[in-house]
Amino acid sequence: MKYTEEHEWLRVDGDLVVVGITAHAAEQLGDVVFVELPEPETQAAQGDEVCVIESVKAASDILAPLDGEIVEVNEKLLKSPGLVNEDPLGTWFFKMKIDDMSVLDDFMDEDAYNEMIG
Amino acid sequence: MGDLKRLGLHDLHVELGGRMVPFAGYEMPVQYPMGVMKEHLHTRAAAGLFDVSHMGQVILTPKTDMAALVAGFEALMPVDVAGVAEGRQRYGLFTNEDGGILDDLMFANRGDHLFVVVNAACKEADIAHMQARLSQVATVTPVTDRALLALQGPQAETALARMVPGVAMMKFMDVGILDSDFGALWISRSGYTGEDGFEISVPDATAGNLARALLDMAEVAPIGLGARDSLRLEAGLCLYGHDIDTMTTPVEAGLTWAIQKARKPGGAREGGFPGAGRILAELAGGATRQRLGLRPEGRAPMREGTVIFDAPDGGNRIGVVTSGGFGPSAEAPVAMAYLPAGTSGTVWGEVRGKRHAATIAPMPFHPTSYKR
């Protein structure tokens, strides 16, 4: 698993990259009450705001970690946004198709991420 | 956290795992490990303990007689102070010459003096205001050696009565000074959650022991500012500086219930408070805008600052949300906004560039359960 500075986790699943948020991010956000997902088959550029997470406290965005096409979104989150808090590492938001998987090497591994969040 | 003041119970909040944030000049617990949602629901189901020691506690003692003090205090707000019996508390509003609200507060008649509780962010201004305006009739004494705790929820009475049996006899808005193992407690049956409950002024020296004794009870959990806000929002209660301020009048804010008959047009002591011209006119003829409840469709909250329109596209900007969020008990987003008087049906709030429908709804959003 790889991690971004925006507190997302990235997992490779065949030719797709699966994206979720870290336990640290979920804890900082607090109880999630609403998730807005992108439409499938959306082209996204790295840094695009593709999802919105509303917690009891505030709204925050999930940024596309890479350039690519969003091919699938986790519609379970629409009915059960609390899954993000219950199991952050097991709860994905969307899956992206990217051209070159080798760019994943540039992201942090678990040790580097844990060091970043201190 | 820089120049922030610390609560007397700061160490207890840290020990309980409270996440401390700046609020009204204090380091305050916004939540504990339970989290905002569960803290909110726990308060509605059992009992929640809140540390609200940041609020201003003030004693007004008469310089000559109580009648003069009461008349002087009445001259600061559109509220029937003289009609509050000994041992009773009432909600009040300091107004300015334009009819705007300087602060909202609670005051109690304790026989030979008044006890006043004001908002933390306004307390210095309120004290100066009272000292200036009541100098002939009252000595204004800030209480600086007592903490203020709130115990709220359907099991608050059961929990507190174990230590202070007398509270079981109290009704909503009763006040009393009750002896306990923690010294003399100044207790009112009131709160800011829509639930039954108590607000307890306790000497600093014994406040920690009282808080720990309450927290040791199975019913009681510590509750932070986050859930305090969602609880009061569901109860339809105003937050000063957000839903009411110097630019809003009591009539616009829907607080006409706080203006008793004696001070209204035709009443025994009509007017005679700052801003009476405008407020009496609005009482008679209505205000042009009013604070209304909103229930947004779907699950996306409309937070403070969300602009409200009268159409799904185009149309007119008709108001702004002053408080809004997700209501854990309502299981849906809820909000308050100032809108043209008489607005009903559906309006549209712009969230992240998209308009979402919301229905004008009565408040409170969750039924209150005061023990009257």
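Here the Cβ of each residue, glycine as well, is placed from N, Cα and C on the backbone.
These come from TrEMBL:
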type	residues	note
DOMAIN	B:9-261	domain 'GCVT N-terminal'
BINDING	B:E199	substrate binding site
DOMAIN	B:289-365	domain 'Aminomethyltransferase C-terminal'
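Residues in the domain 'Aminomethyltransferase C-terminal' (B:289-365) partition by DSSP class (helix H, G, I; strand E, B; coil) as 0 helix, 45 strand, 32 coil.
Averaged across the domain 'Aminomethyltransferase C-terminal' (B:289-365), pLDDT for the predicted model comes to 97. Of all Cβ atoms in the shown protein chains, 23 besides its own fall within 10 Å of the Cβ of the residue listed as 'substrate binding site'.
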